[in-house]
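Encoded as structure tokens, the structure appears first; notes follow it.
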Amino acid sequence: MKGDGEMYILEASGLSKAYSSGQGAKQLVLREIQLQIAQGEFVAVMGPSGSGKSTLLYTISGMDGISAGRVVFKGREISSLAEEELAKLRLHGMGFIFQQMHLLKNLNIRDNIILPAYRANKNRRGSINKKAAELMKRTGIAALAERDITQVSGGQMQRAAICRALINEPDILFGDEPTGALNSKAAGEIMEIIAEIHQTGTTILLVTHDTKVAAQAERVLYMLDGSIAAEHRLGRYEKRNNDLKAREEKLTAWLMNMGF
Amino acid sequence: MLLKIAIKDFQRNKIVTIGLFLFIMLSALLVASASHIIMELSGSLNHLLLKSNAPHFVQMHQGPINHTVIQRFVSANPIVKKQQTVEMLRIDGSNITLGNQSKTELNSVMDIGFVRQNPSFDFLLNLENEVIQLSEGEIAVPIYYRQQNHLSIGDPVTITAGTRQSTFTIVDFVRDVQMNPALVSSKRFVVSDRDYTVLKRFFKDSEYLIEFQLTDRSKLSEFRSAYEASALPAKGPTVDYALFKTLNALTDGVIALVIILASILLMIIALLCLRFTMIAALEEDYRELGVMKAIGIPQSEIRAIYMAKYIVMAASSSLLGYLASLAVIRIFTANISLYLGTASPSLLQYLVPVLAVAIVFGAVVLFCKLMLRRLNGITAVEALRSGTAGAAKLNTAMIPLSRRKWMNVNIFLGIKDVVGRFKMYGLLLFILMICTFIIIVPVNLLHTLQSPKFITYMGIGQSHIRIDLQQSGSTERKFESMLRTLEKDQDIAKFSPLVTSRFKVLGSDGVWESLNVESGDFSIFPLSYIEGTAPEKSNEIALSDLNARDLDKGLGEELLLAAGGTQLKMTVSGIYQDITNGGRTAKARLPYDPKTAMWYVVAIDVKPDVEVSAKVDQYAKLFYPAKITHLDSYLSQTLGSMIAQLRLATLLIIAISLAISVLITSLFLKMLLAKDASQISILRSIGFSLGDIRRQYMVRMLLIAGLGITLGTIAAGTLGQGVVRVIGSMMGASKIQFVIQPMTVYGWLPLVFVLVVGVTTFVSTMSIKKSGIAVQMSE
């Protein structure tokens, strides 16, 4: 909880992660991370390769275990939760999008999208189908619903992955380089969709290399050697302000200053 | 990287590698042993046939014999090289005590005969394969009894005749080319000429072996016809050289065959394990393989890494198997050495087992080579991009999830995967089907043998009591007095005397053959016929299934029967199944002729209030030495040992089959989990728990198990029934109908199978936990 009553949806304190690197030696990938993300906030994580960005994302989302510290999601300590409970959290409260789209090979686009909702079993299947149709329409893949995943492009697959991440109306959306495998046009379109999602109030934590992507975030964290070296507040991005270019330039200057 | 892969491959598959090693070793051990047995068997058998100077044709005969007739026949037949007539003194087991035991051979199943050493051929040999020579007071006992009664040289043999007792000392054991095997129910004891003459004074019952050696063994069938056409003595069965060979080779030959089959089975399992582990290894190494290709390591070199491991493993396990076979082979060949002796081994005898093991080794290596052809399909780009070999064509055509209004998602995904990759699951399905099949067929057979309905296949009608009386000197009189007694007995509801006599029948090839015909009224205790009915008129005859086929006679057709110089035209009234007497019997209502009668049977039903077992006991005393059987126990007596063996074999098969199911299911899952690693991570990332994923695998495996078990059960009922019928028809029962116990076959057996697969799946999928999702997803 913050003093002014604003709710932190996700909080990490003293979060450390070590991998054993043969012969008993341990390599510290995350060092005592302190991080708070507020409800509805859009945070981007940047930094050089190997700085621990992705590890931060996977540990803070409970997909990977931690070595020390604690992670609290919606007021609930998750670092000690059982696997079954974590799965429930991912199903109901979190959405994920990855660099590789990671769709299931033996399901068509629509089935990939509705799968988590059918599993969650919160709503009637008819209304889930309706919701999926809306999401697909919003992301521009409505015509591809019946297609196999081998029959669509990378950008279209990523849109499907976003729909899947949103189908259970998660409290937070995690993204690991969601535009990393796409060409610049497709990447731009995906970013627009993510920005729209943020507008509707979804909290977003995004790992990215791309300043154009990060420029849409409210806050950018810069990671170095497993620690958050610095953070930069850009303020809320509004499309109608048409200031993306300026935000990007400001961010680039800061990053260069940091040695990126 | 090459060494790293080889080491990694061993480390991650320690148990499987050790298991594979053992399978190949056992397979090599068995195949080497079996080929050794076969080589030694043929060597020793030929040696024995040579040393004993085995006869080519032997007619056994009970009754008076005319030597001049035989001599005349011999001089008239140029293909006869040598002839001798061996007189054999029949002594009932109740008169003989072997060794220092207190009990006689009263209950022995063997017919005991006493002989002298033969003068010109058919020599009775000792354990050194030398012709036995005995002095007065000495005896040579068949090898069979050495094992059966634990006899050794120097032990006494006591023969009682009335109040007189004579004791002999065992100086040798007899290797008898004709009667060696335990399967042959006659055994020859050898005594000195002088002792023989003395024994003959006390025991009058003698049998003759009219033995021939021919100038050319290939003319045996010609000679047989000539003999049968002549009026020579023929009250008894005939045997020949080929039969001696078969009978002597049968026991150990069957053992060798079973060992070879077991070795093939092990080999198939080993190859299946190899298949699943290699696919799993290639799946797991897929990305590294891509890297190796990308950096330009030639395919042949990549293949060499994988080959090296399996070549070393196959070579060392085959070698070890072969060496082990040298250590254990004496256990397998002890029986051969004892019964047939040992011939000096030929080079071939050493070479063949080595060759057989080499075949095992070659098969493993070849199979690895075939499996590694999968490497060709991997392109560097594909491997690096996707990280898994998505080889199987997916079938997404099934009704989509969005139209499933009620189905559980885990069940849907499980079924969907099986439908989509059915080809891959097919192998497991097939194995489970075979495992079910090989369990259910013997179980059904066992139930069939144990069922009282099995009497249908034994050519007899259902009655309470059965009396068997074998032909001997005074049988005819005993039989007639027995019938008189039965007629007067108030306890008896009905009885039917049946006399079996030897006739000649005109065969389909125009040659007269012997035919045993049982005569009597078959309407009193009816048996079931495949076709037609019991013979009702005196010119009607019912044939056993095997005889009908041999004689090529169907219902309503006529055949010619000859007896005592007269010929009878008979019409086939019915065909029935019979596995007794070699499956060759016939039933008719011919007049009773004591001269041709061979044995007598009386079937009896007692009145409702009479206790059958009391009646059996009463008759056993009254009609001694006739055999009185309570028919309920007749089946268990005749089939008892067969049922016991089959029960043991069935239990063994069930254990093996379940073990194979566990092994193959777990290896299959290992491969599947390696293939599915990325898909599992995706599911977990979107909120499916490990429990959800395990349930999906459970659905897949239970679906396959259910399908396999169902198909296996159906195949057992159709195909299995067919196989049993083919085997049954060779023995005389062509229409065997499985007696099925539904609770066992459709109830607990499938349940046990499903449970085994379920538990295996549960245990195998525990390992999913170890693979983190983050690693997979960030790639």
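Including glycine, each Cβ sits where the backbone N, Cα and C put it.
These come from TrEMBL:
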- B:254-274: transmembrane segment (TRANSMEM)
- B:261-367: domain 'ABC3 transporter permease C-terminal' (DOMAIN)
- B:319-341: transmembrane segment (TRANSMEM)
- B:347-368: transmembrane segment (TRANSMEM)
- B:425-446: transmembrane segment (TRANSMEM)
- B:648-669: transmembrane segment (TRANSMEM)
- B:652-770: domain 'ABC3 transporter permease C-terminal' (DOMAIN)
- B:702-727: transmembrane segment (TRANSMEM)
- B:747-768: transmembrane segment (TRANSMEM)
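Listed by sequence, the residues of this chain that lie at least six past the ends of the transmembrane segment (B:648-669) yet keep a Cβ under 8 A from its Cβ atoms are 16, 19, 269, 272-273, 276-277, 280, 427-428, 431-432, 435-436, 438-439, 442-443, 446, 697, 701, 752-753, 756-757, 760-761, 763-765.
When the stretches B:254-274, B:319-341, B:347-368, B:702-727, B:747-768 are ranked by Cβ pairs under 8 Å to the transmembrane segment (B:425-446), first place goes to B:702-727. Secondary structure counts, DSSP: the domain 'ABC3 transporter permease C-terminal' (B:652-770) has 105 helix, 0 strand, 14 coil.
On the 0 to 100 pLDDT scale, the domain 'ABC3 transporter permease C-terminal' (B:652-770) averages 89 in the predicted structure. Across the range of the domain 'ABC3 transporter permease C-terminal' (B:261-367), the DSSP-based residue counts are 96 helix, 0 strand, 11 coil.
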